[in-house]
Every structure is written in C-alpha cells, then in structure tokens.
Ligand SMILES: Nc1ncnc2c1ncn2[C@@H]1O[C@H](COP(=O)(O)OP(=O)(O)OP(=O)(O)O)[C@@H](O)[C@H]1O
Ligand SMILES: [Mg+2]
C-alpha cells in the first residue's frame with residue numbers, strides 16, 4: 001500500500017446508544033482502491049460503523065475524513081459514498097432500469113443518457129439487456145443482488161459499502177457472487193468496504209481484513225497475516241478450528257517440547273496456537289518438535305481430509321486434520337501420538 | 001387441489017355474496033326503476049320515461065352536484081395535507097403515543113355526527129363561543145363564522161378525518177424504512193424521497209383514504225345543513241327535498257342515480273388500481 005493520503009480515515013470514532021457503547025474510539029485508514037473486509041461476530045458493531053460512515057447515523061465522538069475533507073457532519077445524501085444494504089433495499093415500485101437510474105435521475109441526467117448508462121451497467125453485471133424493463137419482483141435473489149450493485153455503481157461513489165449483501169443467498173450462489181464481486185472490484189477500481197460475519201467470504205475477496213470484536217478492531221491485516229499470526233485468541237478462534245495451549249515460562253501443559261522447540265519459545269508466556277492441518281501422526285517412538293499423546297475420540301470425513309478429535313493424556317482436546325492417505329487406521333479408542341514443527345505454530349502473547 | 005380450493009372458496013362466499021347482492025344491488029335497481037317512472041304516477045310497471053333526467057339538466061341541479069363534488073374534492077385535498085404528517089407520525093415516529101391518538105380519534109366516532117356538528121355550531125355562531133368571547137373582551141363582535149362554504153368544508157374535514165387518517169397511516173407503514181434510507185443514501189433530498197418513494201409506495205393507502213373521504217363528502221348532507229345554512233344546496237339535500245317536500249320520487253331517484261354513477265364509477269376505478277392485497281399484508 002502506498003503512503004498517499006488514505007481515501008478514508010477514521011479517528012477515535014465512538015458511538016454510544018444510551019448507556020451502551022457500540023464503538024469504542026476506533027481508528028482506521030483505508031487506501032484508495034482497496035477492498036477491505038470488516039469481519040466480526042453478531043453485535044460487534046459492524047453495521048453501526050458503516051451507518052456512521054455513510055451518514056445514516058451521527059457519531060458520538062471522533063471524526064471521519066474522506067481524503068482531506070472532514071465528513072462526519074455531512075448528511076448521507078451529500079456524501080459521495082453509497083451502501084448496498086443487507087436487505088438490498090431495491091425500490092419495489094420501479095423497474096430494474098428505474099432502480100439503476102434512480103441516482104442519475106436525482107442528478108437530473110437526461111433520460112437517454114440515463115438509459116445508456118443503465119444498459120452499460122446491466123452489461124457490467126452480466127444481466128441481459130431486456131432486464132431493463134423487468135419488475136423487481138420478477139428477479140431472482142442473485143439478480144436482485146446485481147441490480148442493487150448496479151444502482152450503487154450508477155451513483156458512482158468514492159467508496160462503496162456493503163452490509164452483508166450475500167447473507168440471504170444460498171451457498172453456491174454466494175460463492176459465485178463472491179468471485180464476481182472481487183472481479184468487479186478489480187474492473188471498477190473503486191474502494192470497497194465490505195461487512196461480513198464470514199471470515200471465509202472475507203478471505204476470498206479482500207486485500208485486508210479488519211477483525212472486529214465488541215466495538216473495537218482486534219486486528220487489521222492482510223488475510224495471510226491474520227491466518228498465520230493472529231494477535232489474540234479471539235482472532236485465532238475466529239479463523240476457524242485451532243488448538244490453543246496456554247504456555248507459561250516456555251512450558252505448555254499437554255505438549256512435549258523438544259529441546260530445540262523449547263529454546264525457540266525461549267521461556268515465553270502466552271498461548272500456543274497449533275492449526276489442525278499442521279499436525280501429523282507419529283510412528284513408533286518417533287519425536288517431533290512438538291509432540292502430543294492421547295487417544296482418538298472421534299473421526300470425521302471432510303472429503304479429501306480426515307479430521308480427528310483426540311483426547312490428550314492431560315485431558316485436553318486436540319483437533320487434527322490429515323490428508324486421507326495419511327489417515328490413522330483403527331478408529332475411536334486407538335492410542336496415538338501426533339507431532340508438528342515449531343515453525344508451523346504461532347505464539348500469541350495474550351494468555 | 002387448487003381447483004377444489006377455488007370451488008370451496010366460492011361456496012363459502014356464496015351466502016355473503018347473496019346478501020351483498022340483495023342489500024346493495026337491489027336498492028340501486030329499485031332507485032333506478034323509480035328514476036324512470038313518469039312523474040306523479042307511482043307505478044313501476046310502465047314505459048321507461050327519462051324526463052326526470054332532463055329535469056336534472058334543465059333545473060340546474062347540476063350546480064348542486066358540482067358544489068357537492070367540488071367541496072368533496074377540496075375537503076379531500078385538505079384532509080390529505082393535514083393527515084399526511086399525522087399519519088406519518090403514527091406509522092413511524094410516535095410509537096406508543098400512536099395508541100393514544102388512535103383511541104382519541106376513534107372515540108369521537110362514538111358521538112353522533114350531528115351532535116358533534118351542533119357543537120361546532122355553538123362554537124362558531126354569532127353569539128357563540130368564539131364570537132361571544134371576542135365581543136366580551138374587545139367590545140366588538142362580528143357576524144359569526146357560520147353559513148358559508150368554508151365552514152361546510154371545515155365540517156367535512158372535521159367529520160371525515162378518521163377516514164383519511166387510518167388508511168394513510170396504513171399506507172405509510174407499507175413504505176419500507178430501508179427504501180427510504182437507500183434513497184437518502186443515493187442522494188435524494190427529503191422532498192425527492194417524498195415524491196419518488198413515499199407517495200408511490202403509500203399509494204394504496206392514499207387512494208383508499210381519498211376515495212372514502214371523497215365519496216362520503218360528496219354524499220354528505222349534515223355539514224351543509226348545519227354549518228352552511230342556505231349558503232349552497234348540496235345534491236344530497238336536493239335528493240331529500242325531492243323525496244319529501246317535492247313528492248317527486250322520479251326526480252329524487254334520478255338525482256340519486258347521477259350521484260351514484262359518478263361516485264360509484266370513481267370508486268370502482270380507484271379500487272381497481274389499489275393493490276388491496278398488499279395493503280392487508282398478504283404479499284410484499
Ligand atoms: N439503534 C440502536 N439502539 C441501541 N442499540 C443499538 C442500536 N443499533 C445497534 N445497537 C447495538 O449495538 C451493537 C452493535 O450492533 P450492530 O448492528 O452494529 O452489530 P453487527 O455487528 O452489525 O451485528 P450483525 O452481524 O448481527 O448484523 C449491538 O449490541 C446492538 O444491540
Ligand atoms: Mg449488521
């Protein structure tokens with residue numbers, strides 16, 4: 001990312017509803033042309049944040065800057081930003097064409113030019129031209145999605161916000177649209193800020209991910225970094241199934257560390273994160289840098305992989321995922337030993 | 001299955017349909033029959049005679065119709081303008097207070113229209129509440145506020161307010177909040193949101209409220225008699241006179257038929273356009 005002025009900058013933005021603080025003085029910088037995903041569990045304040053950014057609500061404190069202009073006092077209809085609603089919020093009394101042309105009509109663009117632009121956008125979103133005069137209730141969920149996008153693009157915003165626009169769609173359509181959206185981002189070169197509670201969705205599409213928790217950003221980083229080096233247990237767990245072991249003075253209960261690994265962790269205190277897919281079954285008396293011993297509790301087929309739940313000797317539960325060809329014969333009850341390399345683990349400073 | 005449902009539906013609807021036909025269509029047919037009776041004959045079995053309709057044109061009864069329709073139109077427009085913000089508040093802003101407002105408005109319906117209008121007569125007349133106090137305080141009185149066209153329109157607005165308010169609130173409740181917000185986000189001003197989003201989406205409520213008010217006002221008689229005195233004669237008054245003092249049943253029936261045709265035509269046209277299904281929440 002370049003050092004130029006960010007397109008959007010948020011300073012100590014706070015929002016309180018009566019007694020309840022939904023956003024705690026958060027900071028954020030978004031670069032021009034970036035695809036930023038904001039991910040967090042339900043109630044973490046994602047919608048609240050986006051409503052402040054588009055101007056649908058007023059912040060209790062802090063400031064919002066669009067390039068060099070402070071915009072937090074500016075009403076939503078004057079801001080050069082636009083949002084695709086969770087509900088899409090298409091206008092049911094208008095045709096597809098009229099919906100798309102709506103922002104242009106407000107700007108008094110001539111009808112021929114409006115129509116030309118609407119047809120262009122239909123094309124961009126891979127909708128047939130004859131959809132122009134279709135009614136909204138004749139469109140399928142995925143088509144409506146595209147109409148909502150086309151309408152937002154017709155507005156030609158500086159930043160396009162999305163509030164979980166795909167959450168109502170079925171899995172396959174969602175997957176297809178995720179890719180399309182990423183593609184659209186590349187083709188339009190606009191700045192996209194996308195809210196979702198699915199990390200998977202965020203990973204597929206975005207340049208950077210901001211993980212939100214109870215009104216704060218827990219970590220803002222590219223997907224690989226969040227995946228490999230989560231800053232907290234919350235982020236680690238949010239990323240999917242992981243094994244977390246408290247580590248104190250270089251010793252973790254339930255894990256046997258080789259001398260090399262012990263010195264690598266150097267008497268650290270925190271949480272050791274071991275991904276299920278980093279684990280391998282060990283044969284005989286073989287030792288790895290990190291070794292776990294226990295008994296298989298359950299096994300699940302995950303297509304090309306097999307997932308095991310292992311109860312360790314100390315009583316902890318370990319989740320391991322191996323390729324089908326490396327699977328352990330024997331099933332539940334079998335005593336097993338598993339190992340992984342220290343480099344594949346990540347030490348989280350938080351206990 | 002669907003076919004059977006349909007048949008069953010028709011069967012269940014049959015008694016009510018029969019009742020409606022008898023109680024609604026039959027009187028209209030009867031009035032239509034009377035209207036083609038030769039004057040002073042009183043016999044339904046006769047050659048149809050349309051002279052009563054000729055009377056309507058010759059005697060200037062169309063003026064009364066025009067007054068009725070004109071005042072109904074003005075009252076409906078005023079009602080729409082007054083009720084829109086109120087209904088908006090009821091549907092979107094007041095929340096708990098809406099119930100209080102609803103009860104307040106409905107309560108007025110428990111008192112007969114004539115009694116309420118008499119209340120206004122006592123308030124507005126010369127020596128009444130307003131003029132009396134004015135004279136008491138300032139020493140000079142005036143002619144009272146009654147017996148003119150505006151006071152009739154005022155009466156219509158006052159009496160038919162609930163008939164506009166509730167359908168309108170229902171209509172406004174049908175406008176999804178997110179559509180309003182999306183329009184705002186896309187750059188619409190308050191005024192553009194009203195014109196492009198709220199009015200079209202609340203149209204069924206607007207149509208039903210306006211039709212009710214217009215139809216009721218066009219056939220109203222008490223307002224013009226009590227508040228208007230002899231300022232203008234409305235068509236309902238002419239109908240009554242023709243049947244009572246005039247003893248000219250064909251004329252009364254013909255006048256009634258004209259009013260029914262105008263108002264009924266309008267109502268059918270209007271209801272044909274309103275999406276009543278959406279209004280009672282069966283779809284969308
Ligand atoms: N208008 C409001 N009044 C009071 N509390 C509110 C209001 N709007 C949001 N909140 C609270 O703020 C918190 C954050 O809500 P928000 O809608 O931003 O969550 P979210 O991250 O978008 O969740 P979801 O994934 O479920 O959409 C919630 O606890 C919610 O109850
Ligand atoms: Mg939300």
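Using the three backbone atoms N, Cα and C, a Cβ is placed for every residue, glycine included.
What TrEMBL says about a protein is an automatic prediction, not a curated fact.
Marked as domain 'ABC transmembrane type-1' by TrEMBL: B:65-270.
Long-range contacts of the transmembrane segment (B:12-34) within its own chain (CB-CB distance under 8 A, at least 6 residues past either end) are made by residues 44, 249-250, 252-253, 256-257, 260. Taken from TrEMBL, the feature transmembrane segment covers B:12-34 (among others).
Taken from TrEMBL, the feature transmembrane segment covers B:65-87 (among others).
Per TrEMBL, the feature transmembrane segment maps to B:99-125 (among others). Panel annotation: around the transmembrane segment (B:99-125), residues 86, 89-90, 131, 144-146, 151, 154-155, 158-159, 161-162, 165-166, 222-223, 226-227 of the same chain, lying at least six beyond its termini, place a Cβ under 8 Å from a Cβ of the stretch.
Within its own chain, the transmembrane segment (B:145-166) is flanked in space by residues 71-72, 74-76, 78-80, 82-83, 86-87, 90, 102, 105-106, 108-109, 113, 116-117, 120-121, 124-126, 130-131, 209-210, 212-213, 216-217, 220, 222-224, 226-232, 234, which lie at least six positions past its ends and keep a Cβ under 8 Å from the stretch. TrEMBL lists B:145-166 (among others) with the feature transmembrane segment.
Sequence annotations record features per position, and here TrEMBL assigns transmembrane segment to B:199-222 (among others).
As annotated by TrEMBL, transmembrane segment applies to B:251-272 (among others).
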Problem - Tertiary contacts of the transmembrane segment (B:65-87) (same chain, 6+ residues out, Cβ under 8 Å) - result: 101, 149, 152-153, 156-157, 160-161, 164-166, 168-169, 171-172, 205-206, 209-210, 213-215, 217-220, 224, 232-236, 258-259, 262
